Structure formats: C-alpha cells, structure tokens
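First the structure, in the form of structure tokens, and then the observations on it.
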Amino acid sequence: MATDKSGEIAINMAETKASAKGTAPLLNSSKAVAAVEPPNRGAKKGLAVGDFVLRLCALGAALGAAVAMGTADQLLPFFTQFLQFEAQYDDFDTFRFFVMALGIVSCYLLLSLPLSIICIIRPLATTPRLSLVIFDSMMAALTIAAGSASASMVYLAHNGNDDVNWLPFCQQFGDFCQSASGAVIGSLLAAALLVIIIILSVFALKN
C-alpha cells in the first residue's frame, strides 16, 4: 500500500512539473510579443501613409511640369518670305534639360511607389525607407537645379537684359511664356514636396 501511494504521488508530481513546463513558454512568449511591439508603430505607419500621398502629389506636379514644358509651342500668325516666327521649348538648352530632368524625376517617383507601400505594410523596416531618403535627396537636387535654371530663363524672356541687348519676347509669344512659367511653378512645387517627403522619412528613421 505504501508503495502504491508513493508511486501515485511521484506520478502526480511528474505530471504537475510537465504541465508547468508546458504552460511556461506560453506566458513567456506573450510577454516577449508585448516587449517586441514598439509603442510608435502607429506613428510610423501614419508617416508612411503621408509619404505615399505626398509622393503621388509630387509625381503629378513633376509630370505636369514636364508635359507643360514639352508641349510649349507657339507660332505667330505673321511671317515673311524667308522667316517664320515660332517658339518651341527645344530652342533653349535650358528648357530641354528641364524636360529631361523632370521626366527622370517622374519615372523615379512612379517606381518608388512600391517601396512606399512596403513602408506602410512594414513601418518598422529601415532599409526601404533609407533607400528612399537617399534617392529622394538626389531627385530633389535635380528638380531644384532644373527649376532654378528654367526660372532664370523665364525671367529673361519676360524682362530681357539690357546689358547684353536681350530683348523680352513674351509680349509676342505670350502663350509660350505662360506654358513655360506654369511648368517652372510645377517643378518648384514638386521640389518642395520632395523636401517635405525627405523630412518625414528622416523623422521616421530617427524615431
């Protein structure tokens, strides 16, 4: 009898230890999940959503600027026997550089949308966000360079330059100058949006 009771006690103690060992990892795993889950995950996801929306706006501004400049063309209704007065964007090297630069920026912004979506799905991932910051900085610099150079050319077209006897021609080619001015404004808007995107990305990486 004593042997049977001691055997039952030993079996019960073994079952108690086994059940304790089986339930302990579940408690530890829940604590580990709570410890791994950061408190600022929602804030980073919100920044990623804002990045995606601003990226779409910048894409629209850059693409619109490139199209507006690329289609800038005006033919005056009067002409002579040997001359025909026409203004096109490719008559100016600065405007050609503008169209190419804004085309590159538009293609980049379109290709960067999947990475922005990845940042929304995985807001804690740093590699895609860091890659976007690097390339966004390059595209912002390119956009600012193209917009600034074209802005100076548009200013000369409106006001001329007396020092080099450059006469303003926007009075004759008003539609052409209006298209070019709108394209420059669009490029500067795209550059401003890219700068805001970079600031948001750096803030997200810092947190």
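Note that the numbers count up from 1, one per residue, in the order the chain is shown.
Backbone N, Cα and C define each Cβ position, glycine as well.
Note: TrEMBL annotation is automatic and uncurated.
Keep in mind the model is a prediction, meaning the values are calculated, not measured.
TrEMBL annotations:
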- 45-192: domain 'Casparian strip membrane protein' (DOMAIN)
- 52-72: transmembrane segment (TRANSMEM)
- 97-121: transmembrane segment (TRANSMEM)
- 133-157: transmembrane segment (TRANSMEM)
- 183-205: transmembrane segment (TRANSMEM)
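Same-chain neighbours of the transmembrane segment (133-157): 62, 65, 69, 92, 94-95, 97-98, 101-102, 104-105, 108-109, 112, 166, 168-170, 173, 177, 180-181, 183-184, 187-188, 190-191, 194-195, 197-198, 201-202, 205, counting only residues six or more beyond its ends whose CB sits under 8 Å from a CB of the stretch. Secondary structure of the domain 'Casparian strip membrane protein' (45-192) per DSSP, as helix, strand and coil residue counts: 110 helix, 14 strand, 24 coil.
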